[in-house]
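Report on the structure given below.
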Amino acid sequence: MQSSPLSFKQLLFDLRFVLFLLLLVEIFCGFISLKYDQTEQFRIVNAFHYEWADWFFRVFTNVGDGLFVVAAGVLLIFMRYKYAILTTVSFLLSGLVAQIIKKSVKMPRPGSVFKDDPTWYTLPDYHIHGNYSFPSGHTTSIFALMMVLYYVFPSQRSNPLFFILACLAGYSRVYLSQHWTGDVYVGAIVGSVVTLLLIYLFQQMKWYHSKWANSKFRV
């Protein structure tokens, strides 16, 4: 149990591995965006489809769904109540930020742009959304959860597994033609940054260090 609040500098240091990975990926994505526009990037991803990948990403994309994130939060009550609260608030707050941006930008999704393009590949019997593409809500949610998990499980902070899974979830949104690549890049930033700031904010609150917040649900 932590006796005193973490400084923001210490929090950044504790999560330096995943933040470094995130920075590297975002820099790489930024470089790609300088060479190829959104449409070109989407076409590159859309050109590579395999039967096994269709099945995998169709299922795996659900890890970014709100129900999955909330379920993960519920499971964390078996560790500490405050972790469950952190997960839920992180999901709601990052999702709210993403929705505000969506409603403000009103970017059409690939499905609206490529609907009459015969070269566009889509999964059979899979619903494609048409509007409010930027940023990706699923990506925002899974990166928010990723940041919580790295914070909650210190022993995993040098393990790239959570980060890789989050990246795969983000990639699935482009693979399934639900989003542009830029939607995923920004969704990852929104989810990660909002959660990082929320962790720091919670750390400064007295209730977060209270006995009940650090207790856990017992069956």
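Just so you know, glycine gets a Cβ as well, placed from its N, Cα and C.
Heads up, TrEMBL stuff is auto-annotated, nobody curated it.
Listed in TrEMBL:
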| type | residues | note |
| --- | --- | --- |
| TRANSMEM | 12-35 | transmembrane segment |
| TRANSMEM | 55-78 | transmembrane segment |
| TRANSMEM | 83-101 | transmembrane segment |
| DOMAIN | 84-199 | domain 'Phosphatidic acid phosphatase type 2/haloperoxidase' |
| TRANSMEM | 132-153 | transmembrane segment |
| TRANSMEM | 160-178 | transmembrane segment |
| TRANSMEM | 184-202 | transmembrane segment |
Spatial neighbours of the transmembrane segment (132-153) far in sequence, C-beta under 8 Å, 6+ residues away: 14-15, 17-18, 61, 63-66, 69, 72, 76, 79, 83, 86-87, 90-91, 94-95, 97-99, 101-103, 105-110, 162-163, 165-166, 169-170, 172-173, 178-180, 182-184, 186-192, 194-196, 199
Range from 12-35, 55-78, 83-101 with the greatest count of C-beta pairs under 8 A to the transmembrane segment (160-178): 55-78
Cβ-Cβ under 8 Å with the transmembrane segment (12-35): same-chain residues at least 6 beyond its ends: 6, 41, 146-147, 150-151, 154, 157-158, 160, 162-163, 167, 181-182, 185, 188-189, 192, 196
